[in-house]
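*Asks:* I'd like to ask some things about the structure below.
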Amino acid sequence: MASRIPQFNQQVLYDTTPLPDSIPKVKELGASSAPLMSAAYFIGARCRDYNDDFMQCKNENPGKGEFECLKEGRRVTRCARSVIADINKSCLEEFRKHWTCLEDNNQQLWQCRPAEWKLNKCVFENLGLKKEIPDQPPNVTPVHLRKQMIYAHWPIPRSAEPFVPPTQTGDNNKAPAAASSSS
């Protein structure tokens, strides 16, 4: 059949060529899938503009956008890194409980709603970031605020209440300045 003998190289190859100086240097996130999933909506809330720029660059350079979009990708990484660092500073206990629950439950969000509600409350109060599902119809209860989960292994305790951030006009990703008691 073939005239040459197949040769398999089992060594890992590293490309040691440095990136050009025009590409900004950035440290990687250093987080596994569970912490990233736990913080994903908050990363999306704060880093939306960077994500949109990156996706626009990828769409404008189909099939060859890897090198052209490195700058935008580095901005996304830097922003996500800042969100993870801020959550670790402000809400470490709640964050750790939530991502550990995700890790223990095969990354199934519905198994960890009570821990998620506590994390959402802490992040909103300390960082002003809200968990919002994009394109959610206004007349439908978001899945993360439902008190009854169909596929959950155990029922949500009656004492657990979902955190619903106060509604406000304008920018939905900022914490309210001061709660005024008008009623």
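Just so you know, glycine gets a Cβ as well, placed from its N, Cα and C.
Bear in mind that the values here come from a model prediction, so they are computed numbers and not experimental data.
OK, Swiss-Prot features for this one:
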| type | residues | note |
| --- | --- | --- |
| DISULFID | Cys47-Cys79 | disulfide bond |
| DISULFID | Cys57-Cys69 | disulfide bond |
| DISULFID | Cys91-Cys122 | disulfide bond |
| DISULFID | Cys101-Cys112 | disulfide bond |
| DOMAIN | 44-87 | domain 'CHCH 1' |
| DOMAIN | 88-130 | domain 'CHCH 2' |
| MOTIF | 47-57 | motif 'Cx9C motif 1' |
| MOTIF | 91-101 | motif 'Cx9C motif 3' |
| MOTIF | 112-122 | motif 'Cx9C motif 4' |
*Asks:* Go through Cys47, Cys57, Cys69, Cys91, Cys122, the listed disulfide-bonded residues, and name the one with the sparsest Cβ surroundings, counting other Cβ atoms within 10 Å.
*Replies:* Cys57
*Asks:* What does the DSSP secondary structure composition of the motif 'Cx9C motif 1' (47-57) look like, as residue counts for helix, strand and coil?
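*Replies:* Output for the motif 'Cx9C motif 1' (47-57) reads 10 helix, 0 strand, 1 coil.
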*Asks:* Can you name the far-off residues of the same chain, 6+ from the ends of the motif 'Cx9C motif 3' (91-101), with a Cβ under 8 Å from a Cβ of it?
*Replies:* 34-35, 37-39, 111-112, 115-116, 118-119, 122-123, 126-127
*Asks:* Six or more residues beyond either end and a Cβ under 8 Å away: which residues meet both conditions relative to the domain 'CHCH 1' (44-87)?
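*Replies:* Those are 19, 22-29, 31, 35, 95, 123, 127, 129-132, 134, 173, in sequence order.
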*Asks:* Compute the C-alpha separation of Cys47 (disulfide bond) from Cys91 (disulfide bond), stating it in Å without decimals.
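*Replies:* Pair distance, Cα basis, whole Å: 19 Å.
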*Asks:* How many Å lie between the Cα of Cys57 (disulfide bond) and the Cα of Cys101 (disulfide bond)?
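*Replies:* Counting only the Cα atoms, the answer is 36 Å.
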*Asks:* Please report the Cα separation of Cys112 (disulfide bond) and Cys122 (disulfide bond) in Å, rounded to an integer.
*Replies:* 16
*Asks:* Which of these disulfide-bonded residues is closest to Cys91 (disulfide bond) if you go by CA atoms: Cys69, Cys79, Cys101?
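*Replies:* Nearest by Cα distance to Cys91 (disulfide bond): Cys101.
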*Asks:* On average, what pLDDT score does this prediction assign to the domain 'CHCH 1' (44-87)?
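*Replies:* Taking every residue in the domain 'CHCH 1' (44-87) and averaging pLDDT yields 90.
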